[in-house]
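First up is the structure itself, then whatever we jot down about it.
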Amino acid sequence: MWLRPSIWLCFPLCLALPGQSQPKAADDLGGLYCGPSSFHFSINLLSQDTATPPALVVWDRRGRLHKLQNDSGCGTWVHKGPGSSMGVEASYRGCYVTEWDSHYLMPIGLEEADAGGHRTVTETKLFKCPVDFLALDVPTIGLCDAVPVWDRLPCAPPPITQGECKQLGCCYNSEEVPSCYYGNTVTSRCTQDGHFSIAVSRNVTSPPLLWDSVHLAFRNDSECKPVMETHTFVLFRFPFSSCGTAKRVTGNQAVYENELVAARDVRTWSHGSITRDSIFRLRVSCIYSVSSSALPVNIQVFTLPPPLPETHPGPLTLELQIAKDERYGSYYNASDYPVVKLLREPIYVEVSIRHRTDPSLGLHLHQCWATPGMSPLLQPQWPMLVNGCPYTGDNYQTKLIPVQKASNLLFPSHYQRFSVSTFSFVDSVAKQALKGPVYLHCTASVCKPAGAPICVTTCPAARRRRSSDIHFQNGTASISSKGPMILLQATRDSSERLHKYSRPPVDSHALWVAGLLGSLIIGALLVSYLVFRKWR
């Protein structure tokens, strides 16, 4: 029998254009700092395989590849850092930044030459910063000047402008190091990755605090202790999910709260007690909209154990995931998207039944296709699976991956896997690759028993072209993903070579006319020559 509850699945990716090598996530592309108006990050360019450092590349909004260099017109500034590293600042309004889902996105890559001298992208990383950046109150001049140079606690890594430093609620002096530092007050921030950041000066009270006694009120274990200290400052940084942080939801707002307190030196004798220290108790709150899609919070959902198998119809949850490699050992999380890929690089897709332990259930895929937007009905479309089988009209056919061989799965019949080579949509008139997002969609149903013929798809061996019309069968439902693909170009010189060596197409009719005219001219000359000889 068929269990009618099913799901229509899709998932986002980021693509790049053709290249031979597959990019890998670059661990040394890091050090990101999200400023109020620009990205700040550092990159280590030293290659482990060659003494020649690779080139730093970036993609524009149309997916074309460029060398990353100083270009004020495009809002990029590059400077040499310590050792082989480079520091980069990129304006959110520049040529290489795209806005999506309340975030600024900037794909960065490292380009190296192979043994034949062909340059290709070998590493990629996508930097993300939130669009909404709330400025904090700037400390007064007295609170800044009163901090000795040797006792200043850095507020942000260099390079940073005065405007960006003030947006963080910190002090700025370009002639000193650090140039951006905390003032003699309390500076608290709610970071985009879901952390409290609280800097406290001992001079925030009079008399000064016992600075080494400042601690979180509800937890004081190792992860909740200060991450940095000077003789004047302590800096706390901890996630919303730890250190006794309280959460409450009021209307459309989620509020995260914690408290800092400072101990006092109390002197006691038989007739009473005294103290000469200030009372300090600080409550810090971070407030976010529950309906926002750009919460800077890493959310973990802990579900109850699945119920025992039932034989009657009931609600089912299906999930589509993208694996990081062909082993399906790990998957991209929601925070990893958009995912950067090169064209023709395989994407490993998995659709599964969730939270069920009935081994007799089977998952059946119907259609899988791609669209350039979130709507599964959007045109143009490109099929990947048709009636559960690879679409034969594609020269890079989708590959079905048997799940039964996966020994680490308790219920293999709950899973379906396939791989597809990444691609970009092409304008049917201009014959150029379309920029913008690309989405994957699938329709699926759950059947029982899993081994029944109705649950098994048999694909024809012949390379007969199957109908690519996308239609929805009874007993299937739908759901759409919320992330895009980004189209990127893999080599800088491919478009230049195409333009250099391409020529306008030759009209065959024009060639025929030219040949006929040539024949007539030659014939006329020959007749004239014979007449001339006869006359003489």
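The backbone N, Cα and C atoms fix where each Cβ goes, glycine too.
Just one residue in T50, T185, T303, T422 has O-linked glycosylation site written against it in Swiss-Prot, and it is T303. Annotation in Swiss-Prot places C368 in a disulphide bond whose other cysteine, of C389, C442, is C442. Considering S37, S293, S352, S424, the record held by Swiss-Prot lists S293, annotated as O-linked glycosylation site. Comparing Cα positions, N70 (N-linked glycosylation site) lies closest to N333 out of the recorded positions N203, N220, N333, C368, C442.
Residue environment of N70 (N-linked glycosylation site) contains 10 other Cβ atoms, counted within 10 Å of its Cβ in all protein chains. The average pLDDT computed for the topological domain 'Cytoplasmic' (533-536) is 56. In the three-state DSSP assignment, the secondary structure recorded for N203 (N-linked glycosylation site) is helix.
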